[in-house]
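Undergrad: Questions regarding the structure given below will be posed in turn.
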Amino acid sequence: MRGCMKGRNQLSRLMVTAIILMVFIQFAAATDTLEDSCIENPSGKNTFSWEDYLVLGAMLVISCGIGVFYGCFDKNQNSEDFLLGGSTMGTFPMAMSLAASFVTAVELLGNPAEMYTHGSQFWMICLAFILVVPMTSKFYLPVFMKLRLTSSYEYLSLRFCQKTRYLASGVYILQMVLYTSVAVYAPALALSKVTGLNVYLAVTAVYAVCIFYASQGGMKAVIIADTFQAAVLLGSLFLILFLGDKYVGGTGIIWSQSYKTDRLEIFNFNPDMTVRHSFWSVLIGGTFYWMTMFCSNQASIQKYLSVEAIGQVRRAIWTSSFGLIIIYSVNFYTGMIMVAHYKDCDPLQSGQITAADEILPYYIINVMGNMKGVTGFFVAGIFAASLGTVASALNSLAAVTMQDFLGSACGIHIPDKRGAFIAKILSIVYGAVSFGLVFLIAQLGSVMQVAISFNGMAGGVTLGLFSLGMFFPWANAKGAIFGSVIAMGLITLMCIGQQVAIASGSFEEESKFTSIEKCKCFNITQVVQKEIIPDTEPIFFLYRISYIWYSGIGFLVTVILGLIGSFVTGANKTSDVDDNLLSPPVKEFLLSLSSSAKTFRLKANGCVNVNENIAMDSANIDKVELVEVRGIKQNDLTDEEIIQKIRKISAPS
C-alpha cells in the first residue's frame, strides 16, 4: 500500500513540475516575442497553430491518462473507493480540487466581462470567501465529518424524514445537471472563437474527454486531475495577465483607464435589491451563495470525506478560499486590461463579438494570436477549469442517485464490488443528459449570471434545510418540507421571470460607457442603433431582484416558513433530536442555559414534574438535562448510575 501511495505522490509531483516548466517556457517565449507579436489582428482570423493544438491536446491527454491510471490501478474498486477515494487522499490535493471545482470557465469568461461591462463591484465577493470559511468550519463541517455519510442528504432523513431527503436530492440533481451544461458551454464557446471550430463540435469534444476520465478513476482520479488542472489554470491566468499588462503599458495606465471610465466602483451602498451589484448584494448575497457551495453542496462534502481528519478539511478550505481570492483578483485585473485596450474601440458595440462573455477569447486571439502556444495555453486553462467542475459533479450525481434513490427509495441492494461499476454507468448517463441541455443553455444570456441563478434556485433551499436541522431542534419534517417547497417555487418563479424578461429585451441592465471612435477598418455608419421603445408596463418587482440574492432569499424563506410550519404542526421536543445531528455551538448552547431557563424548557417538554421530590438545584438540572438529551430515562436509573452515565457522556472521545 505504501508503494502505491508513493507512486501516486510521484505522479502528482511530476505533473505539477511539468506544468511549472511549461509556464516558464511560455513566459520566456512570450517575453522574447512581445515586441513583434503583440500586434492586433484586425481581420480577427483564427491563428491557432499546431503548437497551440499540441499544448491543448497535452492537457486533455494527461487528464484522460489520470482516469485510465486510477481505473487500472484500482481494479478492485468498491463504491466507497470510487465515490470517496477511500478517505485516503492528502490535504493539498483536496484543497486544490476544491478550488478547481469552484472555479469554472463561467468565472474565467464572466469575471473579466463583468469588469469590462459593469465595473469592479463584484470583486468585493472576495470578502465573502473570508466570511464563509469560519462559518463552514465551526457550524456545518463537524456534523458532516462526524456522520461521514456518502450522500449528505441522508442527514435529512435522519433529522426529518425520507421525503425531505428525496426532495433535496432531486433538487440537487436538477441543479447540477443544469450547472454542468453551463460549465461546458463556456469553454466550447472559447474554443470556437479561437479555432473557428463549430461550437457544438467543441461541446462534444469536451464532454467526451470529461465523461471518459470522470467515469474511470472515481474520486481519486477527480482530485488528482483537479490538482493538475488547477496548475494549468493558474499558469494560463498569470501568463495572460503578464502579457496584457506589458502590452497595454503597465499598471498605471490600466488603473487610470478604469478610473476614468468609472469602473472602479466597490462601495456602492445602495440598499435597493433590484440593483444588479451593490456592496450589500455582493457581500451578503455572495456570502449566502458561497455558503451553499461550501456547506451544503454534495460535491464539496464528498471531497471533505476523502480525507481522514477534520483538521485536514479545515486547512484545505482555507487554502481553497485564498486560491479563489487570487483567481478572482487576477480575473478582474484582466478585465481592467481589456478596458484599457478597448477604450476607443469596443468590440461588442462595433459588432465584432456578439456577447460580453466572448471578449476575453477575442482579446487573446487578436492580441496574442501570433505567439505560438499562448492561445493554446489559454484554451487549456479554460478547459481545465471546466473539466474539474464537471467531473466532480458527475461523481456526486452518481453518489446521490445510488444512495438516495437506488438504495433508499427503491430498496435495491448494490454489493460493494458492483458499486463502482454502477457509479461509472451513472456518471456516463448524467454526462449525456447534461450534454443535451447545452443546446438550451446556448440560448440564454450571460453565462455567469445564468450559472449563479441556477445555483441560487436550489442551493439556498438546500442550505436552509441543513440549517433547519442543525440549528433548530424544534423544526420538524412537515415544517421543513413546507418551507423548502414554497422557497423553491418562489426562487424558480423569480429566475424564470427574469430570464424571460431578458430574452424578450424588456429587461436590460445598464452598462458602462464604451466608445467606437477609433475602430480600424470599421465604418461607424454601419452600426445599427437600437430602436428606443417606450416602456409600457413596469416589470414585476420579483423579476427585477438581482440574481445574486437568490441564495439568500431561498435560505431565509426555507428557514422562516420551516419554523412557522413546525410550530403550527407541533414542534419537536429538543430531547427527541439526536445531538449528533445538531451543530456543536447549538449543543453547547442547550447545555449551558441558566438553571431557570433549563427548568422552564424541561417542564415545557414534559421532562420534569416540579411536584416530584427532586431538588432542582443547578447540579440536578444539569444532570437531568444531559440524561434527557441522550435519551436516558431518569426513572430507570439510580442517582449513582445517572452520575456515572453523565461522566461517561461528558468524557472526551
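Cβ atoms are placed via backbone N, Cα and C, with glycine included.
Where the annotation comes from TrEMBL, it is an automatic prediction and has not been curated.
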Undergrad: Looking at 82-102, 607-627, which stretch does TrEMBL describe as transmembrane segment?
TA: 82-102
Undergrad: So which residues does the transmembrane segment (316-340) touch in its own chain, when a touch means Cβ under 8 Å and the partner is 6 or more beyond its ends?
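TA: Residues 91-92, 94-96, 98-99, 102-103, 107-108, 111-116, 120, 122-123, 125-126, 129-130, 132-133, 136-137, 141, 230, 233-234, 237-238, 240-241, 244-245, 248-249, 253-255, 257-258, 261, 263, 294, 304, 307, 359-360, 363.
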Undergrad: Applying the under-8 angstroms CB criterion, which one of 221-243, 479-502, 547-568 scores highest with the transmembrane segment (377-400)?
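TA: Maximum Cβ contact count belongs to 221-243.
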Undergrad: Counting only CB pairs under 8 A, let me know which of 221-243, 277-295, 421-444, 547-568 has the most with the transmembrane segment (479-502).
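TA: Checked against 221-243, 277-295, 421-444, 547-568; highest Cβ contact count belongs to 547-568.
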Undergrad: Going through 166-191, 221-243, 547-568 one by one, which has the most CB pairs that fall under 8 Å from the transmembrane segment (421-444)?
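TA: Maximum Cβ contact count belongs to 166-191.
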